[in-house]
Amino acid sequence: MSGIALSRLAQERKAWRKDHPFGFVAVPTKNPDGTMNLMNWECAIPGKKGTPWEGGLFKLRMLFKDDYPSSPPKCKFEPPLFHPNVYPSGTVCLSILEEDKDWRPAITIKQILLGIQELLNEPNIQDPAQAEAYTIYCQNRVEYEKRVRAQAKKFSP
């Protein structure tokens with residue numbers, strides 16, 4: 001494991017514990033021996049107030065590679081969400097999470113989670129990852145929002 005990645009992730013954890021957005025969760029997982037695994041985080045993103053996502057708490061796994069922060073983490077909703085920019089596997093499709101697009105090593109875990117929360121209510125229809133959600137979002141917004149509200153209710157804490 002890269003010393004640079006672990007050092008940066010330890011800093012991220014410290015910063016998060018000191019100050020993070022209300023309702024969000026970001027915690028490194030534990031290894032079988034009880035030690036902390038800074039390369040694998042369990043996160044949760046609350047649905048934004050005043051949106052169909054409100055009331056839901058959406059669980060997300062953040063996996064870091066040894067070359068972090070040169071490369072972005074993989075962010076995956078568990079279980080996968082109904083959303084135009086979430087692949088059927090649960091992986092989030094967002095430009096700041098793509099090395100060849102908008103990823104920069106200075107981007108923090110907090111910024112990633114806030115960016116994903118923003119994406120939930122404001123899908124990028126130029127970059128769809130899930131055909132069904134994309135089609136319903138484009139063709140029947142009322143039905144789309146109904147499904148999102150049902151999903152938020154299902155994942156309420």
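Every residue gets a Cβ built from N, Cα and C, even glycine.
The model shown is predicted, which means the values in this text are computed figures rather than measured ones.
These come from Swiss-Prot:
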ACT_SITE  CYS93  active site, glycyl thioester intermediate
DOMAIN    4-157  domain 'UBC core'
REGION    13-18  region 'Interaction with SUMO1'
SITE      ILE4  site 'Interaction with RANBP2'
SITE      VAL25  site 'Interaction with RANBP2'
SITE      LEU57  site 'Interaction with RANBP2'
SITE      ASP100, LYS101  site 'Substrate binding'
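Here the features listed in Swiss-Prot are placed on the structure.
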| residue | record | Cβ contacts under 8 Å, 6 or more apart |
| --- | --- | --- |
| ILE4 | site 'Interaction with RANBP2' | TYR68, PRO69 |
| VAL25 | site 'Interaction with RANBP2' | GLU42, CYS43, ALA44, LEU57 |
| CYS93 | active site, glycyl thioester intermediate | ASN85, VAL86, TYR87, ASN124, ASP127, PRO128, ALA129 |
| ASP100 | site 'Substrate binding' | none |
| LYS101 | site 'Substrate binding' | SER95 |
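DSSP assigns ASP100 (site 'Substrate binding') to coil in the three-state reduction, placing it in neither a helix nor a strand. Assigned with DSSP, the residues of the region 'Interaction with SUMO1' (13-18) fall into helix, strand and coil as follows: 6 helix, 0 strand, 0 coil.
Regional average pLDDT for the region 'Interaction with SUMO1' (13-18) in the model is 97. The Cβ neighbour count for LEU57 (site 'Interaction with RANBP2'), using a 10 Å radius over every protein chain in view, is 15.
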